[in-house]
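*Asks:* Pasting a structure here, questions to come.
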């Protein structure tokens, strides 16, 4: 579900501001020993006493200007520790010794921008993720309403297991197709137009599904909505990564993941309110249309990605000067600056240098076949294996079929089942937030091992409930909560984080694309197969099968997945993949 992270990590390597920061970080300021030593000793001493107590402050002074400057910063704990280590190595101690050189840490760099100008370039693309999550949550309630003789409001409510599987997984097949289309046309359309098209498909898909007079029309609407998912989940992370200031990129990417979970929760809420209404499934699916209209109108008001404009210029796909001027105006608007200001012009000039180098590297990008060779194959086994196990342990089934599972587990009233789904959605949101906060502190492997263990236990508990413990419906609720919580601290966020980290630079683009296809394809297959398999095997045996697969995935994580916490992408490539 959280596939957006993978594209943004790739883009961060090519992001103009990222390269600019790296040049700053690697540069050294040679200081004269004459006339300024007293100032630097004073600054060093003050930093030594102030920074440990007030880590958000850093003093500096210009060698030719005695004026002291306070830099407000918000470094992570790891960056702060890194700053102190660099200071100790370079002689920034209380001894008062003059440093011969000084390394500028990126955590002290703060790009100027207006917060009001940042909100909408994040919010409107993030609505694409919210609408993806909404489809998952709404489908949970819609499957109950759609099959009810009293509440469906249709004559064709008696759906077979295969027909129900197609209704539920139709958007996923559309998303799979949409991701293939996005990969082919993304650079031609640009991020902005890609998201506008996605919003249009969301509106059409949601509306057609809501007003469908028969099953085939409903399936067509689900497919169109899925096309919108595929385009949005490709374009949204690209637009956010390319337009937001670098110092808040991580925060915004994490918030975008939360928007997907918020969408699931919203779908559960709408389902709980409409579950007792005749034809309530129509409103559940149709509710997405006005949100998609807001997304589309919002994207129309935003400027195109400056990086995309510069990429077109570097590739010779338009007038170089015109595209450059448009990029300057776009960046000025995105940062809340006057049109064509000098700061934006300077950043664009520096970005052009980085993009020319990056474009030259892309021309030698590895082929798809190279992904299955040597170190690339090892990376694909790790990344592809994680996103595959993420789906075949039953995750899409538990989310899409949460309502029917709860209904069959003893919450016979449709309203009761959907209300418990809301509780599950709230818990999912909480656990997602915990994972975002802790993944860099605890590491990838501990969260994966602990989370997958919880998934296996929850699936065994669900199987036992259907086989032995049918008189205790709260056990089913506890098992679902354990499953959701375990998934959200393990496979949910970390699979895509590992995918974005593990592939070597030369094959990163191809490897990530294959991981995306693996994810959507396995998601669609599991979602489609759940209802027929449940009918064929019985719920107790199906959840037991998912539990056995979860145990296999735990063995895979323990034996094959490395710890990448604190390692640079270059370290991962040189140390882990050799």
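Glycine is treated like the rest: Cβ placed from N, Cα and C.
No curator has checked TrEMBL annotations; they are predicted automatically.
Sequence annotations record features per position, and here TrEMBL assigns transmembrane segment to 113-134, 154-183, 195-213, 219-241, 253-271, 283-302, 447-466, 472-499, 511-530, 542-561. Taken from TrEMBL, the feature domain 'Major facilitator superfamily (MFS) profile' covers 121-565.
Where in this structure would I find these features, and how exposed are they?
*Replies:* With a threshold of 8 Å between CB atoms, the same-chain residues lying at least 6 positions outside the transmembrane segment (154-183) that come near it are 132, 135, 139, 143, 146-148, 194, 201, 205, 214-215, 218-219, 222-231, 233-235, 279, 396, 400-401, 513, 516-517, 520-521, 523-524, 527-532, 534-535.
Proximity of distant same-chain residues to the transmembrane segment (219-241), defined by a Cβ-Cβ separation under 8 Å and at least 6 residues beyond the stretch ends, is recorded for 3-8, 11-12, 15, 121-122, 125-126, 128-129, 131-132, 135, 166-167, 170-183, 186, 191-192, 194-195, 197-202, 204-210, 212, 249, 252-253, 256, 285, 288, 292, 305, 520.
Sequence-distant neighbours of the transmembrane segment (253-271) (same chain, 6+ residues past either end, Cβ-Cβ under 8 Å): 1-2, 4-5, 8, 122, 125-127, 129-142, 144-145, 236-237, 240-241, 280, 283-284, 287, 399, 402-403, 418, 421-422, 424-426, 428-429, 432-433, 436, 488, 493.
Sequence-distant neighbours of the transmembrane segment (283-302) (same chain, 6+ residues past either end, Cβ-Cβ under 8 Å): 120-121, 123-125, 127-128, 130-131, 134-135, 138, 141-142, 145, 192, 195-196, 198-200, 202-203, 206-207, 209-211, 221, 225, 228, 267, 270-271, 274, 277.
Tertiary neighbourhood of the transmembrane segment (511-530): same-chain residues 3, 6-7, 10, 165-166, 168-169, 172-173, 175-176, 179-180, 183, 230, 368, 371, 376, 379-380, 383-384, 387-388, 390-392, 394-397, 400-401, 499-500, 503, 542, selected by CB-CB distance under 8 Å and a gap of 6+ residues from either end.
For the transmembrane segment (542-561), the list of distant contacts is 381-382, 385-386, 389, 392-394, 397, 444-445, 448-449, 452-453, 455-456, 459-460, 462-463, 466, 498, 530, 533-534: same-chain residues at least six beyond its ends, Cβ to Cβ under 8 Å.
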*Asks:* The transmembrane segment (447-466): which same-chain residues, six or more beyond its ends, come within Cβ distance under 8 Å?
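*Replies:* Residues packing against the transmembrane segment (447-466) from afar: 389, 393-394, 405, 409, 435, 438-439, 472, 475-476, 478-480, 482-483, 485-491, 494, 538-541, 543-544, 546-547, 550-551, 553-554, 557-558, 561.
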